[in-house]
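Student: Pasting the feature list from Swiss-Prot:
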type	residues	note
TOPO_DOM	1-12	topological domain 'Extracellular'
TRANSMEM	13-38	transmembrane segment
TOPO_DOM	39-48	topological domain 'Cytoplasmic'
TRANSMEM	49-69	transmembrane segment
TOPO_DOM	70-86	topological domain 'Extracellular'
TRANSMEM	87-107	transmembrane segment
TOPO_DOM	108-128	topological domain 'Cytoplasmic'
TRANSMEM	129-149	transmembrane segment
TOPO_DOM	150-172	topological domain 'Extracellular'
TRANSMEM	173-193	transmembrane segment
TOPO_DOM	194-368	topological domain 'Cytoplasmic'
COMPBIAS	246-256	compositional bias 'Basic and acidic residues'
COMPBIAS	312-326	compositional bias 'Low complexity'
TRANSMEM	369-389	transmembrane segment
TOPO_DOM	390-405	topological domain 'Extracellular'
TRANSMEM	406-426	transmembrane segment
TOPO_DOM	427-450	topological domain 'Cytoplasmic'
């Protein structure tokens with residue numbers, strides 16, 4: 001890339017200040033993402049390790065690539081040694097390629113989670129995700145190695161002003177652009193199109209599925225022991241479920257939480273059309289598990305963790321439960337403890353309802369997280385497409401289609417800006433990341449989840 005006239009002092013200061021802010025914001029934001037995933041219970045799903053690796057790649061761009069690109073841009077020539085130029089170019093391709101291959105892997109993970117939920121979620125373990133991440137980095141390394149092995153034609157070198165540029169041969173430009181950007185983009189578009197079709201087909205079957213397993217929406221289970229189930233709806237359970245529809249926080253059907261028995265997995269939740277017993281004294285909002293009013297100020301920041309501590313669990317009837325006053329229960333029944341009350345379970349109805357509820361909540365979480373990742377992928381493509389398009393166009397018809405230097409540099413830096421945008425996207429579109437960021441910034445962080 002030939003450089004134009006040097007920038008004025010004012011322009012140099014403005015550009016340096018803006019890029020320095022970009023570097024600091026990228027490091028801070030992506031470090032926050034890594035801490036959030038590693039320390040937040042609501043973000044400890046194995047697939048979120050993809051986001052940790054992606055954030056690490058963005059931090060490496062901000063620390064090893066952008067500062068030297070800034071110096072090269074402002075000085076108009078490569079100030080550093082020739083060996084570092086070759087390493088710098090290879091790392092630039094490596095980190096950019098790893099970012100888009102990460103997104104491609106995330107897209108495939110989303111597709112398998114939506115299309116083969118039961119089969120795939122049982123195999124979606126941290127070890128398996130880490131193996132996929134390692135494969136992603138190996139693919140990126142293979143694509144980035146040619147500049148180190150084959151120097152090729154780097155164009156004329158001005159006297160006294162060394163330049164640091166990639167191989168200028170058309171075959172390499174086209175091959176690297178296809179391997180680093182266009183091919184992964186095509187895969188992601190096809191995968192997300194398939195996910196959209198699956199979701200559309202699922203929505204068409206929605207009215208049949210909303211009534212629960214094997215029953216319509218209007219059907220109510222018969223009371224056990226003379227009216228054990230009241231006629232009221234289950235707002236508390238619905239609110240817990242909606243609060244837990246978070247960023248991919250789904251467990252496989254074969255997994256259990258600590259302290260959870262096989263019997264609990266079948267009786268811990270009910271479809272929303274089933275009924276709840278009114279809980280006396282619970283009409284207005286209180287601190288979770290009878291917390292004192294002083295603790296309510298912290299409740300908003302730790303809502304997810306508190307809900308997990310008191311999430312719906314089927315427990316044997318006893319004189320008092322963990323989260324509510326004692327109630328008189330029919331013999332042989334079980335009670336479902338929730339944040340705002342109790343639900344009495346008749347005999348034999350918990351297993352089917354629990355499986356239905358967990359399956360439906362899992363699908364909802366997958367759909368919401370898929371939307372967030374679609375935004376991440378869309379922003380990435382918007383940021384990098386102008387650069388790769390103009391870069392490839394210059395190789396196809398270098399004399400008549402070459403983009404002006406200033407515009408090409410603008411596209412170049414817009415691509416780098418993408419490294420700072422993912423934390424912003426997570427904050428805007430995902431409440432779990434918002435809560436995790438708030439907790440990290442306002443109090444000491446806790447033990448990592450892995």
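Glycine is no exception: its Cβ is also placed from the backbone N, Cα and C atoms.
Looking at the shown structure, can you explain where the listed features end up?
Tutor: For the topological domain 'Extracellular' (1-12), the predicted model reports an average pLDDT of 72.
If you look at the transmembrane segment (13-38), the same-chain residues 6 or more away from its ends with a CB under 8 A from one of its CBs are 7, 44, 48-49, 51-52, 55-56, 58-59, 61-63, 66-67, 70, 73-74, 413, 416-417, 419-420, 422-424, 426, 433, 436-437, 440-441, 445, 448-450.
A Cβ distance under 8 Å defines the sequence-distant neighbours of the transmembrane segment (49-69), meaning residues of its chain 6+ beyond its ends; these are 19, 22-23, 26-27, 30-31, 33-34, 37-38, 80, 84, 88, 91-92, 95-96, 98-99, 102-103, 105-106, 109, 126, 129-130, 132-133, 136-137, 412, 416, 419-420, 422-423, 426, 450.
DSSP places the residues of the topological domain 'Cytoplasmic' (108-128) in helix, strand and coil in these numbers: 16 helix, 0 strand, 5 coil.
Beyond the ends of the transmembrane segment (129-149), by six or more residues, the same chain brings 46-47, 49-50, 53, 86-87, 89-91, 93-95, 97-98, 101-102, 105, 109, 166-167, 172, 176, 179-180 to within a C-beta distance below 8 angstroms of the stretch.
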Student: DSSP says what for the topological domain 'Extracellular' (70-86): how many helix, strand, coil residues?
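Tutor: Final tally across the stretch: 11 helix, 0 strand, 6 coil.
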